[in-house]
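Copied over from Swiss-Prot:
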type     : residues                                                                       : note
BINDING  : Ile355, Asn356, Glu357, Gly358, Thr359, Tyr360, Gly361, Val362, Val363, Lys378 : ATP binding site
COMPBIAS : 1-10                                                                           : compositional bias 'Gly residues'
COMPBIAS : 13-24                                                                          : compositional bias 'Basic and acidic residues'
COMPBIAS : 40-54                                                                          : compositional bias 'Basic and acidic residues'
COMPBIAS : 75-87                                                                          : compositional bias 'Basic and acidic residues'
COMPBIAS : 97-122                                                                         : compositional bias 'Basic and acidic residues'
COMPBIAS : 268-284                                                                        : compositional bias 'Low complexity'
COMPBIAS : 287-304                                                                        : compositional bias 'Basic and acidic residues'
DOMAIN   : 349-640                                                                        : domain 'Protein kinase'
MOD_RES  : Thr359                                                                         : phosphothreonine
MOD_RES  : Tyr360                                                                         : phosphotyrosine
MOD_RES  : Thr506                                                                         : phosphothreonine
REGION   : 1-148                                                                          : region 'Disordered'
REGION   : 236-308                                                                        : region 'Disordered'
REGION   : 664-693                                                                        : region 'Disordered'
Amino acid sequence: MAAGSHGGYRGYEVAREREHDVGVSRRSKEHYHHRHPSRHRDSERRRDGGRSGGRELSNGYSHRRDSPRPPPRRRPSEGRTEDREPGEVSGGSGSERSGERPMKTREPRENGVTRVSKEEAKMSPSKKRKQSPVIWDRNGSQRQARDPVRGIREVDAVVAEIIMHQSHSLPVMSSLSSIGDGHSPMILDVSVDKVQEYEKNRIVDEEEEGYPTMRNILTSRWADAGDEEENVFVPKKKKSVSPVDSIERGSTKKVTSPESGEVLVYNSVRSSSRSSDSGVLQGSANRDLEVEKGDNIDVEKAADDDYPAGHLLDSDFEGEDCRSETPECTRSPRRCINMLQGCRSVDEFERLNTINEGTYGVVFRVRDKRTGEIVALKKVKMEKEREGFPLTSLREMNILLSFHHPSIVEVKEVVVGSNDRDIFMVMEYMEHDLKGVMETMKQPYSQSEVKCLMLQLLEGVKYLHDNWVLHRDLKTSNLLLNNRGELKICDFGLSRQYGSPLKPYTQLVVTLWYRAPELLLGAKDYSTAIDMWSLGCIMGELLSKGPLFNGKSEIDQLDKIFRTLGTPDENIWPGYSKLPGATVKFGKQTHNRLRDKFRAVSFTGGPMLSEAGFDLLNRLLTYDPEKRISAEDALNHEWFRELPLPRSKDFMPTFPALNEQDRRFKKHMKSPDPLEEQWMKEQGNNGDRGLFG
């Protein structure tokens with residue numbers, strides 16, 4: 001073929017003649033009539049400003065685009081074929097295009113890249129990619145088709161048939177011979193660059209608008225795969241593909257005729273599209289592949305920041321498939337994190353004195369060298385390191401680090417020592433515990449002061465129960481006080497979360513003096529009512545400055561309870577006879593003598609309690625757990641609203657903090673704790689214990 005400005009279009013006509021020779025053309029007027037003719041009329045009105053009124057000129061007469069008609073035949077006077085696609089416009093005469101600005105032709109391609117004119121360079125990238133076919137009239141000038149979208153897709157359909165039906169006998173590059181100065185023909189740019197896009201969108205086109213879709217983040221290849229479902233089909237996901245890469249991708253697909261109406265079946269494209277050493281990708285195709293792989297590496301490097309050093313990510317060649325099929329493949333937790341690695345060292349704290357040593361740890365008063373703040377440092381006992389980290393300490397850390405309430409002690413952080421056996425919890429420092437203060441006082445708390453303390457205690461317990469946590473060891477030594485009148489609950493070593501329905505738990509919880517009768521009788525199905533019984537014992541101790549029930553054993557504890565509150569039966573406590581410990585025979589006590597301990601008016605100096613206060617205490621110490629008052633109902637009790645009103649925290653009595661020597665020699669009357677006794681027997685240590693037990 002002779003080189004010239006008409007070479008691209010004549011090459012297209014030669015291909016058309018070959019198509020008619022082999023009989024592979026399946027185009028029909030019904031196919032183009034079926035594809036939404038109203039869409040093309042809207043496109044024409046926007047392009048020509050409504051001048052043609054939905055009609056176009058072809059060979060001297062007008063017709064509507066949506067009217068089915070065969071392509072015009074070739075005129076004898078012309079030396080070439082003039083078959084026109086339904087989306088093309090033919091120029092009738094020179095006067096017909098006198099009022100229009102001629103369009104510049106696209107220059108040939110070099111290494112798969114099409115050079116464009118300066119006017120076209122000002123267009124957006126999406127418009128550069130989708131250029132309209134050029135139509136030549138008799139005089140050699142050129143005009144642009146009025147509907148480039150349809151024209152491109154119809155040319156793509158023809159060229160796709162030529163490439164696939166003639167590839168067995170005629171190579172693609174030989175059928176589309178070079179023209180001019182050795183550049184690729186213009187038809188290759190139109191066919192190969194768009195044929196794959198046409199195949200993917202042909203079936204969906206009948207339900208979509210015919211105009212290019214605006215690119216957004218949802219169609220981006222980096223869209224979050226976690227928000228996609230497995231069966232979602234995204235036909236609008238497009239990216240720039242070089243011609244040679246398109247041929248390589250097309251060779252790996254089983255493609256039916258674009259007009260046969262069959263669904264296109266795709267084989268695996270991953271290996272061919274991402275293999276850089278196949279020997280086929282050259283020039284700009286290699287550059288496109290390098291950019292694509294570079295993008296994958298950048299994204300996965302950003303995700304690699306969440307993984308520890310040395311963690312291997314998935315192969316770059318499987319990244320895109322993982323995002324579209326299994327979102328977990330890029331988010332699977334493949335790391336084992338030691339939470340103690342990010343903890344501060346205990347050397348950053350200055351030790352001041354030892355506060356106490358309890359059953360589950362030693363407590364020090366220290367100063368933070370970084371901030372100068374005085375905090376408490378509780379060392380976790382690790383004597384049984386063969387069995388792993390202590391479960392009691394693990395539960396306490398988990399609960400306290402997740403809770404934030406004014407009535408619950410705050411754990412600021414966890415620090416480590418020189419070895420793995422030295423682990424400390426950094427807590428806010430409180431000057432006193434309630435038991436030590438009560439033994440220092442000469443007179444018991446007044447009713448207004450008891451109300452202030454009980455309100456804070458009930459608020460903290462309500463917060464625990466609202467978050468499905470049982471403390472299971474509420475006692476005066478586990479309640480901390482400061483000189484601002486604030487009370488905080490501490491020592492969550494026996495606490496645990498509970499659920500609904502209730503599960504059986506161990507009954508060996510709660511210090512003996514504060515243990516509920518159902519636990520003493522061997523019940524394993526219990527709930528928040530055991531904490532409310534402990535609050536009743538604490539309230540009575542605050543009023544009387546001594547323990548309410550100070551038994552020496554479980555049987556003695558039950559006997560003291562029954563002597564004060566009366567012996568229960570099935571009428572008072574339904575299900576009492578079915579408890580394991582109910583077989584033990586106790587002395588029959590029919591009267592409740594609790595009122596004898598707390599008089600409404602005392603002339604002997606004993607504890608006083610109003611009728612409303614006694615009602616609250618009696619409801620806290622109810623035998624039946626189902627009838628025992630809850631923390632929320634207790635907060636709304638009338639006792640807190642009657643005179644005398646609760647005292648303000650600012651006016652609560654203060655006491656000097658005990659130094660280490662005073663704590664060492666001060667003897668406390670202490671409740672026998674079965675857990676502590678068992679711990680001491682296992683460790684062979686019978687020494688004295690402190691306040692934080």
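Any Cβ shown, glycine's included, is placed from N, Cα and C.
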Inside 10 Å of the Cβ of Thr506 (phosphothreonine), count up the other Cβ atoms and send me the figure.
11
Length of the line joining the Cα atoms of Ile355 (ATP binding site) and Thr506 (phosphothreonine), in Å:
30
Rounded Cα-Cα span from Thr506 (phosphothreonine) to Val363 (ATP binding site), Å:
27
May I ask you to report the DSSP-based helix, strand or coil state of Ile355 (ATP binding site)?
strand
